[in-house]
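To start, the structure itself, in C-alpha cells.
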Amino acid sequence: MKNFLSFADAGDYKALLNQALEIKKNPYGYQHVGKNKTVGLIFFNPSLRTRLSSLKAAYNLGAQAWVLNAGADSWTLEMADGAVMNGSTQEHIKDAIAVMSQYCDVLGVRTFPTLKDKEADYSEEVMSKILQYATVPVISLESATLHPLQSFADLITVAETKKKERVKVVLTWAPHVRALPQCVPNSFADWFSEIDWVDFVITHPHGYELDPKFTKGATIEYDQRKALEGADYVQAKNWSSYRDYGQILNNDPSWMLTNEHMRGTDNAKFIHCLPVRRNVEVSDEVLDAPGSLIIQEAGNRTFSMQTVLHELLKQK
Amino acid sequence: MKNFLSFADAGDYKALLNQALEIKKNPYGYQHVGKNKTVGLIFFNPSLRTRLSSLKAAYNLGAQAWVLNAGADSWTLEMADGAVMNGSTQEHIKDAIAVMSQYCDVLGVRTFPTLKDKEADYSEEVMSKILQYATVPVISLESATLHPLQSFADLITVAETKKKERVKVVLTWAPHVRALPQCVPNSFADWFSEIDWVDFVITHPHGYELDPKFTKGATIEYDQRKALEGADYVQAKNWSSYRDYGQILNNDPSWMLTNEHMRGTDNAKFIHCLPVRRNVEVSDEVLDAPGSLIIQEAGNRTFSMQTVLHELLKQK
Amino acid sequence: MKNFLSFADAGDYKALLNQALEIKKNPYGYQHVGKNKTVGLIFFNPSLRTRLSSLKAAYNLGAQAWVLNAGADSWTLEMADGAVMNGSTQEHIKDAIAVMSQYCDVLGVRTFPTLKDKEADYSEEVMSKILQYATVPVISLESATLHPLQSFADLITVAETKKKERVKVVLTWAPHVRALPQCVPNSFADWFSEIDWVDFVITHPHGYELDPKFTKGATIEYDQRKALEGADYVQAKNWSSYRDYGQILNNDPSWMLTNEHMRGTDNAKFIHCLPVRRNVEVSDEVLDAPGSLIIQEAGNRTFSMQTVLHELLKQK
C-alpha cells in the first residue's frame with residue numbers, strides 16, 4: 001500500500017479485512033509498528049468520528065498524532081499553480097503539504113467537494129495536489145468523491161456480524177434538508193460492488209444515479225420496496241444529484257427509512273455512517289432498534305484506520 | 001466509582017483525598033493504570049485550567065487523550081428526544097455521545113447552564129443525557145450546577161496546607177460584571193459542608209442564597225465581616241442569583257475582598273478557582289499576598305483529575 | 001540555558017549547533033530526557049510550522065505536549081498591571097501564565113507585535129510579562145521582535161549544506177501585500193551576524209533599516225544586485241519599516257527575487273522561513289529550483305526545537 005484513497009488501494013481486500021479483524025481482537029499488540037511514528041491529520045472542515053477514531057487508532061498503535069484545523073489554526077491556502085499571491089491566500093498548498101510531510105510519517109487529509117464544479121470535484125483536484133506534494137503516504141479522511149475509511153469500517157461491521165455465507169446489502173437514498181456530497185455512497189459502492197460474498201443493490205429516486213465508475217455495474221432498482229426485499233443489511237444515506245450536480249431534485253419523505261420499510265427485509269441489520277438527521281433520513285425506531293449497528297460501525301472506524309496505518313507504517 | 005459528577009461520587013472522601021496526596025507525591029508512579037487507555041475530553045465552552053490540567057493528569061498517568069471543542073471542531077448537537085431534525089442541528093447528542101464512547105475509556109465533559117431555564121439547569125438536563133448515552137465512565141469537567149474537580153482540588157489544597165486539626169472555611173460572594181453560574185459555589189458547599197474537620201460558613205448579600213440541596217444546612221451569615229472572623233481559609237467567588245434565577249441582584253463593591261476584609265480572619269489563606277476579575281472580585285493585594293494559594297490550587301487540578309482518572313481506569 | 005528568546009540564550013552556539021546535528025542523526029535517542037515531561041505550547045495567532053514542528057520535537061524526545069489557542073480555546077487576557085477588570089478581559093496574564101506553568105515543564109509561547117506601538121513591541125512587553133510570571137523555562141515561538149527557533153533552523157540548514165569553509169549569506173528584503181513584522185529578519189541578523197564562518201550582508205530599499213541592536217554592524221548594501229554578488233545563501237523576506245514603524249514605504253516589484261537576481265550569486269542556495277507569497281516575494285522558479293532548501297529548512301524546525309527542549313529539560 002502506497003496511499004489509501006479508494007478500494008483499489010486496499011489491494012487484496014480479504015487480507016486487509018482479516019488484518020483488521022485481528023487488530024480489533026488485539027488492538028495494542030502492534031505497537032512496535034507505531035513506535036516513534038507520528039500521524040498528521042489535517043481537516044479542511046469539521047469532523048467528529050474521523051478526528052477521534054484516527055487519534056484512537058494512532059494511540060492504539062503506539063504512535064503519536066497531531067491535528068491541524070486548516071484555516072482556523074494556520075493559514076489560508078492557495079490552490080492554483082503559478083498564482084501571483086497578492087490576494088487573500090497566505091500559503092501555497094504546494095509548500096504547506098511538503099512542509100507538513102516533514103512533521104509526520106503518514107498524513108491523513110480531509111477535503112470536501114465544492115458541489116458546484118463537478119469537473120474539479122470528480123478529478124479530485126485538491127487531493128491530487130496533496131498527493132503530488134506530499135512526501136509521506138497519504139490517507140484520505142474523506143475526499144471530494146470518496147470516504148474509504150468509512151466503507152472499510154462498514155465492511156468490517158458486515159463481516160463480523162453476518163450469519164450467512166452470502167448477504168444482500170442495500171444502499172438506499174434518504175431525504176435530507178441540505179445538499180450533501182456523494183462521497184459516502186460512491187465509496188460504499190466502490191467497496192461493496194467488489195465483495196464476492198455480497199449481493200449489492202442500490203436504490204434511489206430517478207436522477208440520483210451515482211457515477212458509474214463507482215457503481216461498477218451494481219444493480220440499481222428504482223423501487224425502494226423491491227430493492228429492500230430480502231435484504232440482510234441496509235445502509236441509508238442522503239446524497240445530492242451527480243447528474244444535476246449538487247442539486248436536490250426531490251426530497252420525497254416516503255423515502256425516509258422506517259420500520260415499515262424494514263419489514264420486507266430478511267430482518268436486516270441497519271448501518272449508517274453518521275451523523276444522521278433523525279426522523280428525516282431514518283426514523284428513530286430504525287436507528288434505535290436492536291438491529292441497528294450504527295455505534296458498532298462507528299467503533300470500527302478506529303480499526304479501519306488502525307489497519308491502514310499499520311499497513312503504511314510497517315513498511316517504513 | 002462509576003462516574004464523577006458530585007461529592008456523592010467521591011465515596012469515602014478521606015480515602016480519595018489520601019490517594020490524591022499519594023499521587024501528588026509520586027505522579028508518574030501509576031502509569032500501569034493509564035497504559036493503553038485514552039481519555040476523551042469534550043468542551044462545550046472555553047476552558048484553560050480544566051483543559052490543560054486534564055491533559056496533564058492523563059499524561060502523568062501514562063494515558064493518551066484527545067480534546068474536542070464541540071461545535072467548532074465537529075457538529076451542532078440536537079438535544080431533544082424524538083426531534084425531527086430538519087433544522088440547524090446536525091447530530092443528535094444520543095449518537096454523538098455513544099460514538100465518542102467508542103474512542104475513549106473515560107469521557108470528561110464540560111457543559112454549562114442556560115442561566116435562564118432553572119428547571120433544565122438544576123435537573124442537569126444535558127449531563128443527564130450524556131450519562132444516559134455514554135458507555136464509558138463520565139467525569140464532569142463542570143456541569144450546569146457543579147464543578148466537582150475544582151472542589152476536590154480545593155480540598156487537596158486546604159488539606160495539604162492546614163496547620164490546625166479543625167479549620168474554619170468561608171465562602172464569600174464577590175461582585176462581578178457578568179451573571180455567572182452557581183457551579184463553583186454549589187460544588188464548594190457540596191464538598192466542604194461534608195468535611196468533618198471543617199467549620200463551613202457561607203456569606204453573601206440577601207437574595208444570593210444557594211440551592212439548599214448543596215448547602216446542606218451550612219451556616220449562612222449575611223454579615224460578611226462577621227462571617228470572616230477567625231477564618232483559616234477564604235474562598236471568594238461571584239455567582240448570580242439562584243432565587244431570581246441568573247440575575248445580578250446587587251453588585252455592592254464593598255463585597256470585593258480586600259486586605260481590610262482579611263484583617264478579621266485568623267491570617268487566612270486565600271483560595272479562588274480562577275479566572276478572577278482582579279480588583280472587581282478580589283483586590284490585587286489579596287491575590288498576590290503570600291497567603292494566596294491560587295496557583296497551588298490550580299496546580300492541584302492536575303491531581304484531583306489524576307486521582308479520579310486513576311479510580312475510574314483502575315477498575316477496567 | 002534558562003529560557004530561549006534570542007541568540008544570546010544559545011550560549012556557545014557551536015556546541016548547540018553540534019548538538020542539533022547529533023539529534024537530527026538520532027532523533028529518538030534522547031527520550032530519557034523527555035520521559036514524563038510535558039511541553040506546553042500557547043499560540044496568540046495562527047501557526048503551521050511552529051505548531052507542528054514543536055509537537056514533533058516533543059514527541060521525538062519522548063515528551064507529551066499540549067497546545068492552547070489563546071482566545072479561541074480559553075479566555076481573553078488582561079495585560080495591564082493593576083487593572084480594574086470590569087471590561088471585556090476575563091483573566092489576567094499574570095494568573096494565566098502562572099497557572100499554565102503548573103501544567104507543563106517548559107512553555108513555548110507565540111506572541112506578535114502590534115506594528116503600531118514601537119515602544120511596546122521593541123521592549124517585548126508581552127513576552128517580558130510572560131517571563132515574569134512563568135515558573136518554568138520559556139521558549140519563544142516568535143515574539144514581537146524575534147523568531148529564534150527559525151534562525152537556529154536556518155543555521156542548521158546552512159551548516160549541513162555548505163561546501164566551503166566560509167560562506168556569504170545575504171538577507172534580501174522582498175515585496176509583500178501586507179505590512180509584516182520584523183521578527184524573522186531581526187532574528188536572522190541576530191544569529192548570522194555572530195557566526196564566525198559567515199560573511200553576512202543585508203540588502204533592502206532605503207527606509208527598511210532594521211534595529212541596529214540586531215544587525216550589530218552587519219554590512220548593509222542598498223544595491224540588491226551588488227549585495228547578491230558571489231552569495232552562497234540567499235534568504236528573501238519581507239518586512240515593514242522599523243523607522244516609520246509598521247509602514248510599507250515602497251513595494252518595488254523589482255525586488256522580487258527571480259532567477260535573474262540569482263544569476264550574480266555563486267550558484268546560491270535559497271532559504272525562506274515560509275509561508276511565502278509566491279510570485280510576489282519570490283518567483284516560482286527560484287522557490288522550486290534544485291537549489292531551494294525551503295522544505296529541508298522547514299524540516300529543521302523540528303531539530304532546532306528538539307535541541308532547545310533537550311537543553312531545557314535535561315537540567316530538570
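Yeah, the Cβs are placed from backbone N, Cα and C, and that goes for glycine too.
The domain 'Aspartate/ornithine carbamoyltransferase carbamoyl-P binding' annotation in TrEMBL covers A:2-160.
Among the features that TrEMBL reports, carbamoyl phosphate binding site is placed at A:S47, A:L48, A:R49, A:T50, A:W75, A:R110, A:H147, A:P148, A:L149, A:Q150, A:C273, A:L274, A:R301. All protein chains shown were included, and the count of other CB atoms within 10 Å of the CB of A:L149 (carbamoyl phosphate binding site) stands at 26.
According to TrEMBL, the feature N(2)-succinyl-L-ornithine binding site maps to A:E142, A:H176, A:K237, A:R277. For A:R277 (N(2)-succinyl-L-ornithine binding site), the Cβ neighbour count at a 10 Å cut-off comes to 25, with all displayed protein chains included. For the recorded site, A:R277 (N(2)-succinyl-L-ornithine binding site), the DSSP three-state label reads coil.
What TrEMBL lists as domain 'Aspartate/ornithine carbamoyltransferase Asp/Orn-binding' is A:199-309.
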Nearest recorded site to A:E142 (N(2)-succinyl-L-ornithine binding site) by CA-CA distance, among binding-site residues A:S47, A:W75, A:L149: A:L149
Proximal residue to A:H176 (N(2)-succinyl-L-ornithine binding site) among binding-site residues A:H147, A:L149, A:R301 (C-alpha distance): A:H147
Near chain C - the binding-site residues A:W75, A:H147, A:R301, filtered by Cβ distance under 8 Å: A:W75
Cβ-Cβ neighbours of A:H176 (N(2)-succinyl-L-ornithine binding site) (radius 10 Å): 20
Among A:R49, A:H147, A:K237, A:R301, the one of these binding-site residues whose Cβ has the fewest neighbouring Cβ atoms within 10 Å: A:K237
All-chain count of other Cβ atoms within 10 Å of A:E142 (N(2)-succinyl-L-ornithine binding site): 27
Filtered binding-site residues - A:R49, A:H147, A:H176, A:R277 - keeping only those with Cβ under 8 Å from chain B: A:R49, A:R277
Cβ neighbours within the same chain of A:S47 (carbamoyl phosphate binding site) - under 8 Å, at least six residues apart: A:R110, A:L141, A:E142
Overall pLDDT of the domain 'Aspartate/ornithine carbamoyltransferase carbamoyl-P binding' (A:2-160), taken as the mean: 95
